[in-house]
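Listed features, source TrEMBL:
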type	residues	note
BINDING	A:7-20, A:101, A:163, A:188-189	ATP binding site
């Protein structure tokens, strides 16, 4: 069986994701589709809208054959480390290809971009460094450096687009680790990342769908934009916890956590840099709602996403020391599989580059323990009483 | 004007406290009665039932002339340090006497106990140390040592009684610091410390009153046991926050805080000793309600009170390093005064041993900043949105 890999968050699963999954199989000619999925916290530095088991269920209900958890340390990292973890896992599980959604939609510009930047890596990094010194954000600095190298000419991927940036890093990491996986991309359609729901379309962005949940107070509105089984999974999650994951939901505990720590202690946490600990502390003292808080902290230099990643690490207690101690993924945590996925895993068993772990009790190394810890922190934030879910949830099997 | 001092928690103020205040003035012949009162966290290692402003109001409504806050570092300490802080403040504000409620009810046995233990301090401490080694709790060990010295003969204070223990420490600390204040005691009446409300009496213990609040879900029941103005103050507090302070109320945040810290980190916090950090961590992982949690942690050796003090420090983030940095009180924080209290303060102004501080903004040393910090932590636990109350609350003045 030929497998292709995709990297997802499914926050929550919607028609755009369904399209991506189907097209990826067509594009790559794969029999099996494997998703590496973030756990309880996401790349933009946010608690997931629904927990990883709910999102795994949504994936399996919509044609994904295997769901593997991207460990916390990669799932909450900036694009290059996020990509490093994801590509290493897809490679270890034996995918012949990987396929990402992009604004670009064709693979050749990514390869050309890779060749350009790889050939001039030092020069590129120097230019980024210079641009950061002028006080702009890292993503903007990257872009300025990139434009300087390409001379703004056609034929390269447009690295101002968030999915193009991730796509570039997938290719970069795959090349770096000498992976034999062939890269593919399909065009993202209809909704941009942050677009609010447009009632004329049946594909909406995940951000738009989440907003609609909170604004309308009802799930009916959403049914046009996501497969009905996904909607039911979300409803079940909400029925159980009377909440969805969001910083608004988690803010009372985040605020307590920030204020309990002295600013000097806040600096211990991963990504908290350059004197921003005082700003975070003062804003938490003043603001009792998340939007007011983040409004005081974010700036041109420190984007919302970057701040949110700091907050994620403050919230979970993840430190710089821990960050530095991790290099490459050490396990494949299986969250769920279809019948076909199960057959694939049986067939691949002996060829996998990392141990396949089905039960939390077997996550005994620091990276795995961190995933369990982050999961508990998420469950507390969502108001769960029972924190044993991590240990009592075997992989989902849809046979 | 002659002033006498009392040491109180008013958690909450009830008829027994009213009796203590009135009798203290009669017993000492004082014109003015000054209460040193714990702030937001109490000696048994608990959040106060109502905040310190509400409890100050109750005090002033019931004949107390001046309320001074006992700083967090003393208010949450074991008996000897609690007494050290309280006596130092009463001494600094110029009291000619102090008067404590005790089970004993007469001062002579306390003085005799003091002479005995002071004369054989080393022997006493050695005996305590030996008793602790046998695995019993510190209070029990103290008692065994004490009985060995007194030979169980009459005429000494019974140091198995909680108020007698505090009384002994007040005298011990006053003597140690060479205070000219004369010690007095009055007998506590009617209710023992932990007695549930007995409907036939008009004096009930504070513990009993708090229990009745939670159990009956109504305040009517309580009106027989506390002055009506105190009841109204409590109702106003509850109307504002829809909660009272208790570990049940604070447990979700305490639990999050414990689980966020690794056991190794829990050891940083004051009073967390001897490998108990693992027990605390495991119990928090398992239990979603406070009673279940404390049931797993307390033991013969580690009493509920001792554990609760650890929890208070974990909750507020108060470390061993901070504890070690404080020696004696550095200010008199004025929480409230009557008209007579105001005249007393004006008259004493130049003779006070410590600066009198009326506004939180003037609490600039580490001990004072800790009080403000602990107050914020309390307000978060109670569900307050606005944490500025510490800065926007001038001393209460009942003219």
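Cβ atoms are placed via backbone N, Cα and C, with glycine included.
Remember, TrEMBL labels are computer predictions, not curated facts.
Features per TrEMBL, on structure.
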{"residue": "A:7", "record": "ATP binding site", "Cβ contacts under 8 Å, 6 or more apart": "A:35, A:36, A:37, A:70, A:83, A:86, A:90, A:98, A:100, A:166, A:170"}
{"residue": "A:10", "record": "ATP binding site", "Cβ contacts under 8 Å, 6 or more apart": "A:17, A:35, A:37, A:55, A:58, A:59, A:206"}
{"residue": "A:13", "record": "ATP binding site", "Cβ contacts under 8 Å, 6 or more apart": "A:55, A:58, A:59, A:62, A:226, A:227, A:230"}
{"residue": "A:19", "record": "ATP binding site", "Cβ contacts under 8 Å, 6 or more apart": "A:189, A:203"}
Practice prompt. Reduce the DSSP letter at residue A:19 (ATP binding site) to three states and note it down.
Written response: helix
Response to the item:
When the binding-site residues A:16, A:163 are compared by other Cβ atoms within 10 Å, fewest goes to A:163
Worksheet item: For residue A:7 (ATP binding site), which DSSP three-state class applies?
Response: strand
Worksheet, complete the sentence: Mapped onto three states, the DSSP assignment of residue A:13 (ATP binding site) reads coil
